Every structure is written in structure tokens, then in C-alpha cells.
Amino acid sequence: MSWVLEQEEPLLLAELKPGRPHQFDWKSSCETWSVAFSPDGSWFAWSQGHCIVKLIPWPLEEQFIPKGFEAKSRSGKNETKGRGSPKEKTLDCGQIVWGLAFSPWPSPPSRKLWARHHPQVPDVSCLVLATGLNDGQIKIWEVQTGLLLLNLSGHQDVVRDLSFTPSGSLILVSASRDKTLRIWDLNKHGKQIQVLSGHLQWVYCCSISPDCSMLCSAAGEKSVFLWSMRSYTLIRKLEGHQSSVVSCDFSPDSALLVTASYDTNVIMWDPYTGERLRSLHHTQVDPAMDDSDVHISSLRSVCFSPEGLYLATVADDRLLRIWALELKTPIAFAPMTNGLCCTFFPHGGVIATGTRDGHVQFWTAPRVLSSLKHLCRKALRSFLTTYQVLALPIPKKMKEFLTYRTF
């Protein structure tokens, strides 16, 4: 088993709010559709609505997340920090921002690319942020300077989600309402290298497995598509949800895939075999809510914790839930209104959530000391497929544990 160092209800650490009033002349303009931490945990990006992205150095200034976990709130207006330290940046994208993704860190090949085409950019390790926009454009920004580096054109509608390959190759995948996914190579001046077609509805979400072998895409459909990141061909469709799938995420060892749907369920899959391993049902918690409303628990977002032992989900019933991987019911709840997205801090302990009113909130997350068994499983599954594990000359119970069949 694993040792839980912190097992309490999530506490609100901080809340950031847009620094300007809502613009009611747009149908949608103020939502925080995406939040993201850089892979090394040094930056936080927030699509705060109004076509603006905030790039905020992490951790927040010490007074916002003190040792005692006192909750603080903060306006997004301050643009400066201490002398010599990184400064907050405001990226004006010119369009409503839907998707955000940081490149892996560091990315040495990009440093040469940007230095060649943008001599004004300092010669530093180049962390970039991709932003997916309402008009189908993708803008690539250099985080350290806030400079716009590339503008990728190809999509015909909203770019809803973005995902970089974790390997550092600067391959970017985009998911769009034009029902396609597109593959871009930022080391080749942002060249579009593939278009993936097959979805019949808007594509909401895309996620690349940590071993860079698979791509999962979720559209307004009951099935989920799994693609090969080597051949860019469809591997299989995962069938099991009863309504639109809107969010997906791979476990850190690539051995599990979770999908969240408007049908109020999260399904945990083995992406290698296509088997459905477990369902997590989002039942009503507040009896005062109207049970006749079938959409009250519709899911918006699901994500794995960095060590792979927890899940976080955001649903329309105004709750953030935290689930332990091997339990069928949540271990913790936090009240949040109009939640749209969630993500874990890459080193654990914090969950960031975005809301429909443009806010972003930071919550405490369980801190866990992984068991030696789980660490061994995670290490093995990072390079062995389910089929390779099943072929090993080891006891059946060990195979079941390594393939997550002990739920």
C-alpha cells in the first residue's frame, strides 16, 4: 500500500480573478477553459477570458501559499514580482483562448530554432506555450520573454485542446471543432505534418501518452479514438460511454487511460487491450439538488495525479472530487461553482481548477508516499505494454497487479 501524508478535504489556497470586467457583447468571453502548469512546475498559465492569457511564475508569492495553508485571494492585476525574479506576463491573443499547452522542459532544439529566426530572444532554455484560439489559429509564445514566435494556421474552427509530446521533440497535437486533429512540428517552423480525420463531432480533448506511443481524442461522441503516434493511424475505438466524452488523460506510466463523459461516468481503460477496467459514477451528494436534471452531474474534466495514484474530476454539480485509484467512491470533495477544467501541479500537492466566470482556484491535494510495489509497477509499465507483461514468466497475481487488474 501507499502512505498518505495528507488526507483531508481540499482547502482553497488561492483564487485569481480577471483584472477587467466581463464583456457581455460576446456570447462567451470570460471562461477559464484551460489551465496548465509547465512540466518543471516553474510557470502557471491561465486562459482568463477576454482573449488574455496570464503567465504566472510558480510558486505564487509566498504569502499566497504559506505553510499553514491560509486561503488568500488575489487579483490578476500585479505585473511585477521581486527584483531579478521572473515576472508575470500578459499575452494578448486577440481571440478567445480555449486550449493551452506548455512544451516539455528543457527543449534544446527549440533554442536554436528561435535564436535563428528571432535573434532578439535571449539564448536561454526555451520553454514555449501554445495557445488555441477561437478563430482556429494556434499561437506559440516564448515564456521567458512573452514574445510571439509562431502562428499556426490550418484549423477551420475553434482549437479546443493542445498537447505536446512529452519526449521534447516539439511535436504538437491540436484538437478542433472542425472535427479534426492536426500534428505540427515546431522544429520545422511549425509545419503541419498530419491531419487526423474520423470524428463526426467537435473534438474536445486530446492527450498523448507519456511514452509517446498513443494519442487519445474525445469528441462529442460516445466513443473515444486511440491513435498511433508513430504511424498517425487509428488503433481502435473505445466504446462504453452513454453520452458525449469531453475529457481524457493517460496515467504517468501510460498503462491506464481515463475518459470523462456527460453521462456522469469516468471510465478507466487499458489502452493496449481496449478493456474497460472500472467505472467511477458521479452520484448526487446534495439531496436538495433536482435529481430530474440528467445534466446536473455532467463531467467537464478528469486528470491523473503526477504519481498516478489519484484522479481529480470536475462536474456540473458544483464539486471537485478526488478519487484514489483503487477505490470506487471519492475520498474527498471541495465545493466549486461552474468548474470547467482541472490539472495537478506536476510535483503534487496542489490542484488548479478553472471556472466559467474566469477565475482560477488552487486547492490542496493529497500528498502520498508511493509504495515500493507501485513504484516498481510504474517503472515497469513505463516501457512494457500489457501484452509484454502478460508474456513474462511471473506468477498470475503479479501480472494482475502490474496490469491494474486487482481493482
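Going from the start of the chain as shown, residues are counted 1 onward.
Every residue, even glycine, has its Cβ placed from backbone N, Cα and C.
Annotated features, as they stand in TrEMBL:
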DOMAIN    371-407  domain 'SOCS box'
REGION    71-90  region 'Disordered'
REPEAT    129-151  repeat 'WD'
REPEAT    152-187  repeat 'WD'
REPEAT    196-237  repeat 'WD'
REPEAT    238-279  repeat 'WD'
REPEAT    292-326  repeat 'WD'
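Within the same chain, the repeat 'WD' (238-279) packs against the repeat 'WD' (292-326): three or more Cβ pairs sit under 8 Å, each pair at least 6 residues apart. Non-local neighbours of the repeat 'WD' (196-237) in the same chain are 157-158, 160-167, 169, 171, 173-177, 179-183, 243-254, 257, 259, 261, 269, 271, 274, 382-383; each lies 6+ residues outside the stretch with a CB under 8 Å from one of its CB atoms. Here the domain 'SOCS box' (371-407) has Cβ contacts under 8 Å with residues 1-3, 210-211, 252-256, 268, 270, 272-273, 277-278, 307-309, 326 of the same chain, all six or more residues outside its ends.
For the repeat 'WD' (292-326), DSSP puts the residue distribution at 0 helix, 18 strand, 17 coil.
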